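J.: Sharing a structure with you now.
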């Protein structure tokens with residue numbers, strides 16, 4: 001006992017009382033006092049009979065009783081990365097009583113001073129442990145906050161660390177986790193000291209508040225090899241905290257890692273970091289230079305700063321953010337997510353539907369009783385997740401995201417872009433409709449028009465949710481299907497004159513079909529082209545016959561696939577005219593493509609998300625969800641509000657100066673007038689006498705620069721002309737291709753050419769005069785009707801404003817140029833000159849067309865408060881055609897898929913007939929389940945009562961085709977069911993579309 005026995009008794013009594021339950025101290029009983037007396041006697045007896053346990057063996061002051069029972073915890077020997085020999089020796093030390101805990105009074109200042117001296121002597125104080133050359137490594141640490149807050153640090157001698165044993169233990173952990181693969185590569189030792197088998201280790205327990213040591217337990221004797229060891233590798237050198245602070249601020253602003261590294265170099269050179277003025281190169285234990293591997297930790301810190309714990313699996317982070325009972329609950333994220341479904345089983349999907357307050361308000365403002373777009377994308381994160389976006393168009397023609405649907409692809413799915421179906425889209429769209437309708441119970445959210453690409457699953461899901469929706473097809477995606485089919489039939493190369501000619505005619509036909517508002521007229525255009533191709537095949541020789549056959553095949557494809565009336569209404573000008581009546585808008589204001597949505601997806605992938613990426617690696621889906629809700633979507637709406645505010649300020653600022661009108665509207669109207677005037681001026685072409693240009697036109701024909709002449713309908717010819725600046729006799733270079741001019745000439749004498757002479761002057765240029773010479777020769781041989789050429793600009797304007805053409809008395813069917821020699825002679829073989837097939841906007845129809853459509857549905861005007869006066873009579877018939885159009889698409893997709901699969905399935909049937917008994921593998925089992933599902937679905941679709949193939953097995957739901965159960969392995973203990981992550985997404989690139997449907 002110490003000299004001051006009374007003080008020790010007081011201390012021991014106080015500490016012993018802390019070990020008794022509070023209720024016994026509040027109401028002491030005889031048993032309580034007996035227990036306290038027994039504790040005091042045992043403490044005194046322990047100190048007297050076992051002096052080696054009081055710290056005397058280490059030269060430490062005698063212990064005092066611990067303030068917390070956590071000090072009795074056993075040392076975690078299983079976490080020591082040591083060899084089996086070391087582990088057995090250390091265990092023997094504990095079993096033999098060589099290693100005993102040494103407990104100290106945190107309130108005794110003299111005792112704590114002695115403890116600090118003891119730690120310093122063994123290199124265990126905080127300063128010594130912070131030195132780069134120190135031989136102690138922290139193996140693990142822990143802390144607690146109940147009672148007196150404290151920390152436990154377990155340190156191991158660097159020479160006792162066994163990297164081979166550490167790799168074996170990590171591989172064992174990864175082998176039990178289905179989402180991790182053990183490394184096959186042998187680890188390279190990075191510890192600065194070599195392994196000597198040293199047994200030294202120690203566990204230090206201290207208080208968080210003042211660092212007072214409460215317990216020390218371990219073995220501090222180093223072996224001889226350890227005591228004489230030297231550094232063999234560069235030790236890990238920590239980065240100064242100020243460097244992290246500056247770098248994180250840059251990353252939060254959206255700067256890339258290259259910008260961070262550049263600024264670091266500059267600040268190191270300028271000595272601008274904190275504490276650099278007192279930096280001693282010989283004793284420094286940190287660095288300021290940012291190394292390449294630091295970027296990994298930087299992005300982890302960035303994730304932590306955003307509230308994303310990257311040490312946990314992503315699905316648990318998301319689940320905790322949306323769980324109000326979780327300590328990690330994030331109300332701002334929960335408020336933006338109107339539907340969430342976790343993935344607790346392999347057959348389930350992760351579903352997250354996002355709609356912020358700004359998106360809800362925009363949906364009611366611009367999409368209710370208006371138009372919506374729907375499309376999806378993938379490849380946004382490291383998991384197989386698809387993102388579908390609904391979008392509206394505001395009054396300024398800008399796309400506004402209205403809802404985001406994030407869901408996982410099915411387990412076993414081969415490609416993310418195919419990991420969705422009608423059911424999942426219908427479910428998510430229904431949740432969105434119900435979510436919006438909850439804000440206005442008396443008015444269900446109902447769009448009138450929707451535009452999508454050619455995907456039938458999207459169109460079917462939209463009709464399931466809103467049966468009276470008028471569906472439009474994106475013009476670009478339709479033209480893309482046509483282009484794919486045309487390219488598969490017409491493999492035109494440089495010098496294939498007839499194929500180039502047929503291709504040019506088909507391209508013009510496609511543009512004309514897009515602008516049709518009458519189905520009979522559209523069919524007439526196809527019939528005219530069929531007659532032309534038949535004539536070319538009969539009179540043009542072998543190469544012409546092949547080209548004509550390809551053209552006829554394309555026309556058959558168009559008639560069978562795209563010309564049924566319900567489907568024709570979806571992509572033609574007729575469909576957009578109906579939409580203009582429903583929405584009470586001009587046809588020119590009805591969007592014809594999904595370009596707004598494609599642009600938003602492009603901005604997500606190439607502008608907003610890359611600023612958060614590290615080394616082009618895809619984001620975790622929890623981080624993606626977090627930045628979508630807290631950063632990206634708010635930024636999108638802030639930018640739109642700023643643009644609206646700016647236009648409003650412009651209108652207010654110049655209201656009086658603009659004549660008490662909105663100057664924005666005035667500028668927009670002036671631009672529209674200039675555009676229309678430019679279009680009208682471009683149509684003006686007059687033919688004054690010009691000997692110089694006429695001679696140049698003759699030279700063009702002699703040089704065979706005019707090519708690809710074709711007749712567009714009854715009254716117009718078009719052609720291509722190579723610039724006279726291109727040297728003759730050799731193929732065109734890439735730069736010279738842009739010097740080809742497109743021109744056309746109408747029977748009224750009106751024409752156009754893309755050359756600068758015509759664009760700046762308006763009169764007939766030498767290229768148009770060359771085309772006129774060709775046409776005049778055909779008129780002289782009665783191959784076509786005669787043309788009229790106005791000599792003055794006034795005459796040209798009079799023709800445009802006249803109610804009839806100068807040839808109103810003449811009628812003729814579409815003439816077919818059957819002079820094969822003329823075509824062959826005028827077609828210059830200068831290579832394949834591709835015409836750009838951009839997303840040109842369809843010209844809007846005039847008010848007469850809209851009035852005609854309104855009369856067809858028995859309504860002269862459209863009320864904005866609903867469809868009560870519109871949805872009757874022929875309108876009901878029109879809407880019923882939407883189901884027919886989608887069913888036609890399903891039929892066509894089904895037949896095309898069957899035709900592509902049948903040959904291989906027949907071959908597989910022959911192979912299996914001759915094969916011996918096969919073992920059941922995952923692939924065979926999955927294939928059998930797919931066959932059963934297809935057989936069941938096909939039997940239901942064609943209306944048979946039993947499966948046509950006679951399969952006796954029960955049909956498997958489509959959602960369960962890829963269900964493979966895996967053991968779950970959450971990263972840490974938590975309450976609630978175990979959650980499964982989405983399947984990992986491999987690196988993928990968007991492949992060019994080859995679809996023809």
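Cβ atoms here come from the backbone N, Cα and C positions, even for glycine.
The model shown is predicted, which means the values in this text are computed figures rather than measured ones.
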J.: Pick from 803-834, 835-866, 867-898: which range does TrEMBL record as region 'Disordered'?
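T.: Range annotated as region 'Disordered' by TrEMBL: 835-866.
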J.: Pick from 146-168, 169-191, 192-214, 215-237: which range does TrEMBL record as region 'Disordered'?
T.: 169-191
J.: Which residue counts does DSSP yield for the domain 'SWIM-type' (741-776) in the helix, strand and coil classes, in that order?
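T.: Split into helix, strand and coil, the domain 'SWIM-type' (741-776) gives 17 helix, 9 strand, 10 coil.
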J.: State the mean pLDDT for the domain 'SWIM-type' (741-776).
T.: 83
